[in-house]
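So the structure is just underneath, and the comments pick up after that.
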């Protein structure tokens, strides 16, 4: 057999050394012809030129590799021999040679001992393959019998050393497919060491090529003898995790993320739907083919295993079966959405947020019964007690929203309820027994107070009691009935300077209403008054006293007044007569000016422009309801302070001056002379008083008033007091004129 390979054989000299891979420098590697591009091409094996057809095991790649090795060793044979201009074909897989063959084969490494140390890994690998090919050719040409097939040779000592050759073979086979006469990387019938490498990937043909590269990489020949072999038979947990990830790439919510994914080193990751990487183009693809075969292999085995991620991937895959719920469990079973263990929505919630089992929702027992006024809140309401002036207290029982809706409760309704305690120890209303001293069912269709039609009073509130009137309250009551009579639904304003006797006047009115008109509901409202006057009024025992003394905050004054007004409105809706005695409306307006949120526009005296809205609404609620509209009345007798030296008090009085239909003015000069009652007869009076007097009394009252106007205020009041003390009642006084 003739050819360049057989003509340039070098006989062995001396003892036969072991086969060593030749080492070349960067300059020698630069002379190597450029490898053709492998992108999108189908590689074919060209016919051998220099080797005869009778040796099928020797092909052009081996011949060319041998000639390259001889040209680099300085033998004089040109590298441009046969087949140098043809495209570089795929190299055959070089089997591990037994020790006997290695001793009989000539070596080409002796001629290259003077070559410098390798500077790059690519040159080392190519030279190694060339030298191996040249050695095989020389040995095959020296022996007339053909060499045995690589598949028939036993691989008995291939454990610690074949990493470079196997790595290069695996790399070429995984990229370009298998050539004729040798099995591919995914050959279903491998044997020995190759079978152990290919078994996990053969079981999963759609596994990503990332693992192919991980098994192919190496760090060069210096690690071939020191690194022990790692088992490939068992499948690692992270491989199963990555397989599950690729199986879920067809989900709609993952497509955008795959499109934006980047590979290692900033290169785009071109994995397809099945996990296989598309064939890359450009210089990045060439660099990826020239990368060290075992680099990824080292990283894959040096990276610590994460056994907990296998459960994580299975949990994510199982989440697709729960109606598309895309919950993502964290590592070690942590759930991002804080559901049950393993992400199950139906798992019971544990911890401090879990509802207590068997906790009672109803009161434990009945504590007793109580009466109070209903004060609504956002959810339900509370029952305010009279001993606290119907103000909030921690012991007030709570009214459930169901009872509020059932009985259509409104603020100010008087209730008698049965209450108990819930599981937290709070007071809770169990049952409503009475509503406004009647059945709760009867009051379901009551009218609204704002829809009631107001009219002038036509029924007189007689204050005269028939008691001796030498001095004291009876004298005051009889004087009021003659000068400024008060009727049901009257809006009376008592204009009183300081120390003019307004408190005594109010006490006389309260006593007369309580004695003469017990059917009327009397409410005494004391706002910002002296505590001793509050105590005296309560001790007196006439009417129901609701008070807030001056040592209380302004907010309490406002709350007390609003609750009292709402209570009076609820009674009027039922057709009852209510009388409110307020002391004083000036202090109430001051409290609203302090508490309410103003607009920033102030009148003289520092009074806000909107501070008088609620006090006016309070005073304007007094009205008499005609019988055809349901009847009932609300009478308000309020005091207004004047001559206090405060400009604000004067402005408040001017605001109320034209709102009342009855006005009683007290004279400070008469009070200084100890003349009581100190009425200013000329400025006191009642509008539409003809509706309150009998026809026979009306003319006599006009005659009396004309006579009193002719006298000075002091003399006229002194004369009237003497006439009242001389008579037993007003009828006898008028008859004596």
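Quick reminder: no glycine exception, Cβ is built from N, Cα and C everywhere.
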Name the one residue among 446, 530, 556 that Swiss-Prot lists for the same ATP site as 487, 488, 489, 490, 491, 492, 499, 500, 501, 502, 503, 504.
530
Kindly report the helix/strand/coil residue split of the compositional bias 'Basic and acidic residues' (376-387) according to DSSP, in that order.
2 helix, 5 strand, 5 coil
What residues in the same chain, six or more past the boundaries of the compositional bias 'Basic and acidic residues' (376-387), come closer than 8 Å to it by Cβ-Cβ distance?
370, 393, 395-401, 403-404, 409-411, 415, 417, 419, 429, 544, 546, 563
Tell me which of the binding-site residues 487, 489, 501 sits in the most Cβ-dense spot, judged by other Cβ atoms within 10 Å.
489
List, in sequence order, the same-chain residues at least six positions removed whose CB sits under 8 Å from that of residue 491 (ATP binding site)?
619, 620, 622, 623, 635, 636, 659, 660, 661, 662
Which same-chain residues, if any, lie at least 6 apart from residue 530 (ATP binding site) yet have Cβ under 8 Å of it:
549, 550
